[in-house]
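Reading through the structure tokens given below for one structure.
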Amino acid sequence: MKLQLIAVGTKMPKWVEEGYKEYSRRFPKDMPLELIEIPAGKRGKNADIARILQKEGEAMLATVAKGNRIVTLDIPGKRWDTGQLAQQLDSWKLDGRDVSILIGGPEGLSPACKAAAEQSWSLSPLTLPHPLVRVVMAESLYRAWSVTANHPYHRE
């Protein structure tokens, strides 16, 4: 199973790239973590946010391979602790499909992305900066994998 993070935004600060790479490189070859960046729509004083969300959503969904499970990252989604995320990871593996996790831009995800999702995950009730979310996601998914693999990274 392959895990994809499909995220709005490019040209992240160096610390974000390094943090993400640190965790993504740790994944086993049979479960790689891939990051796909979608350029953010131009936002200005009089920007049409609904149109920007629509275009970003179309671009995100266009990168999802047919048959992939789509999971959105959204504040009203379901919150999982590490054990529950590990159970989700096991469930996704048994499903036999690759998983695409959609991370929206500053205004979130388009209605089309939300409608296409089989699951919605809330990372936190806090509002987090989108660059930081990439690092937190990579670490959380790696930690969940370590639980499923009985790897010593995670300690109770």
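Cβ from N, Cα, C; glycine included.
Of the residues L61, L73, L85, L89, Swiss-Prot places L73 in the same S-adenosyl-L-methionine site as G104, L123, S124, P125, L126, T127, L128.
Neighbour counts were taken as the number of other C-beta atoms within 10 angstroms of each residue's C-beta; across the binding-site residues L123, L128, the minimum falls on L128. The binding-site residues under consideration are G104, P125. Their Cβ neighbour counts within 10 Å are lowest for P125.
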